[in-house]
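Chemist: Straight from TrEMBL, here's the annotation block:
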type     : residues  : note
DOMAIN   : A:90-301  : domain 'ABC transmembrane type-1'
TRANSMEM : A:31-59   : transmembrane segment
TRANSMEM : A:94-115  : transmembrane segment
TRANSMEM : A:127-147 : transmembrane segment
TRANSMEM : A:175-199 : transmembrane segment
TRANSMEM : A:226-249 : transmembrane segment
TRANSMEM : A:280-300 : transmembrane segment
Amino acid sequence: MKTLERSTSAVPPPQRSRRPFWTARRRDHAVGYLFIAPQLAGSVIFVLIPLVMVLWYSFHEWNVLAGTFHSVGADNYRALADDPKLPGVLRNTALFSAGLVTLNLGLALALAVLLNQRLRGRVVFRTLFFSPVVVSLVAWTIVWGFLLQKNGGINAFLDLVGVQGPNWLRGEGTAMLSVVVVQVFKNVGLNMVLFLAALQGVPQEFYEAATVDGAGRWRQFWRITVPLISPTILLTSIITVVGSLQVFAQIAVLTQGGPGDSTTVLVYYLYQQAFEFHHFGYGATLSVLLFLIVLVLTVIQWQMRKRWVFHEN
Amino acid sequence: MRTKPSPRARLLLYGLLLVLCVPFVFPTWWMVTSSLKPATEIFAFPPSLLPDHPEFGAYDKVFDLQPFGQQYVNSMYIAAVVTLGTLAFSSLAGYAFARIRFRGQNALFLVVLTGLLIPSEVTIVPLFQMFRDWDMIDTHWPLILVPVFGAPSVLATFIMRQFYIALPNELEEAARMDGLGRFATFLKIALPLSRPALAAVAIFTFLHSWNLYLEPTVYLSTPEKFTLPQALTSYVDAYGGPMWNVQLAAASLTALPVLAVFVFAQRQFVEGLAHTGLK
């Protein structure tokens, strides 16, 4: 009140009759806009406009070297439908994502359950399982590439026990598996930690009650633990699925998409088309496809939430 | 489920955990020890867990073959700038979306959130063209601007907003009653209280920038401007084959400092991420 009186006396008489322009409400609006301005402007310039442009480019052919840019109608989309490589690329992408999500979530949950026991040294194990998350992605991938060579560490140790290991990264059957496994060990610690936090939030009484009712451990796990941590399962699966579609460095370092095209996933193919073969228009068309896949998968997962997820906070 | 296991079960559990540790720990061990082996010993059979004659020759080569020190500085400063920028903008925006009422708030929040649906790989073709128009190819600008405003920072804004929504409002109300302005309230009251969320955002932003590979590969072509991931894969011989011991030495130099920081502050890392990621 004091400030209000002081300001009215300071304002010259003609203004007194009008309501001041900067009401508390107006000021709040202005401050709100100012606070979000950098983030909003950045989102528009570096996310939304490029998204519109990618759609625009997908209807054009654009040669950087010759400096030509012209409309080609739906040609890029016809090329997409006729691309003999694309079905294989999509199959590889699906295989990679499905393998990664299954192994990652399964292992993360198993590790979290193990670490949720009352056990001395849990923190040490948690630190060890988590440590690859902080190792530079390319460094981690290089070491595994080294280990997976035909005469590399893994086969050397297999040889010691009398097993002849395959050439992991050069075999059609083993290359994809290798890439998936390398990525699982890199990031499973993150999901493990999220699961561990969720498990610690499950009330102990539920298990006690179930034990009294004669439910075994296995049954308790599926009937109590899984439903109660289902929000976390959903969250981690969304993060992991979207992340799996973005895989690039691992492929570029380990297999360069080979052998044949057996590990060429969508983002790697997009990179090749746009930045190795300079087919920018077609690269943009592949980007649109990638965007649609991400969109559809996210919508499906949100729908699943309504059906499967036990509770929400 | 958190019953105390019987001694036999505990032994079994320890055994299982130790076996499970191997694929997480062994690669790092193998990376460091192999980088100390001479090129002739690196694929030796039978494999040795420790080098017979440790030598640092590969480490000399790391710096001889490329401006590795400069590349290290590049990665560090880019990650630092990206982290600071993300912290500043995401906490401001997150705070406004959580605390201040303004017209169009929900619609604008949705506009920002769409960034989560658009991984930067989707927009790399038009972004490349945009940065070409701005003469920013072969500069660090794209590696700074896109992460500070793209999908990772949107996730950061979301985390900050959720944190402020859950944070009790009383302290800020009291400060406002005392005549503190919005910005001062944010800076002096809300920001210090949000340290756990800021720590989590800082950690994952730093790691994201530190790991970027597609973007530097697309934008940078001068070795002096490379970031570490790109530098690591550039140690190849005349036939394009990797120079393993040099690559592993460079990888060790890249990985070990961050690992050391992590071991030192693992509680903040793990628990910060776990709790902020959820709520």
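From the backbone N, Cα and C atoms, a Cβ is placed for every residue, glycine too.
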Chemist: Determine whether the transmembrane segment (A:31-59) and the transmembrane segment (A:280-300) share at least three Cβ pairs under 8 Å, counting only pairs 6 or more apart in sequence.
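Modeler: By the criterion, they touch.
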Chemist: Per the 3+ Cβ pairs under 8 Å rule, pairs at least 6 apart in sequence, do the transmembrane segment (A:94-115) and the transmembrane segment (A:280-300) touch?
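Modeler: Taking Cβ pairs at least 6 residues apart, the transmembrane segment (A:280-300) and the transmembrane segment (A:94-115) are not in contact, as fewer than 3 fall under 8 Å.
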Chemist: What parts of the chain pack near the transmembrane segment (A:226-249), using Cβ distances under 8 Å and only residues at least 6 beyond its ends?
Modeler: 93, 96-97, 100-101, 104-105, 108-109, 137-138, 141, 179, 183, 187, 191, 194-195, 197-199, 201-202, 206, 265-268, 271, 290, 293-294, 297-298, 301, 304-305, 308-313
Chemist: Is the transmembrane segment (A:280-300) packed against any residues at least 6 beyond its ends, judged by a Cβ distance under 8 Å, and which are they?
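Modeler: Distant Cβ neighbours of the transmembrane segment (A:280-300) are 51, 54-55, 57-64, 72, 76-77, 79-80, 93, 238, 241-242, 245, 266-267, 269-270, 273-274.
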Chemist: Please give the sequence-distant neighbours of the transmembrane segment (A:127-147): residues at least 6 beyond its ends with Cβ less than 8 Å from one of its Cβ atoms.
Modeler: 111, 115, 153-154, 169, 178, 182, 185-190, 192-193, 249-250, 253-254
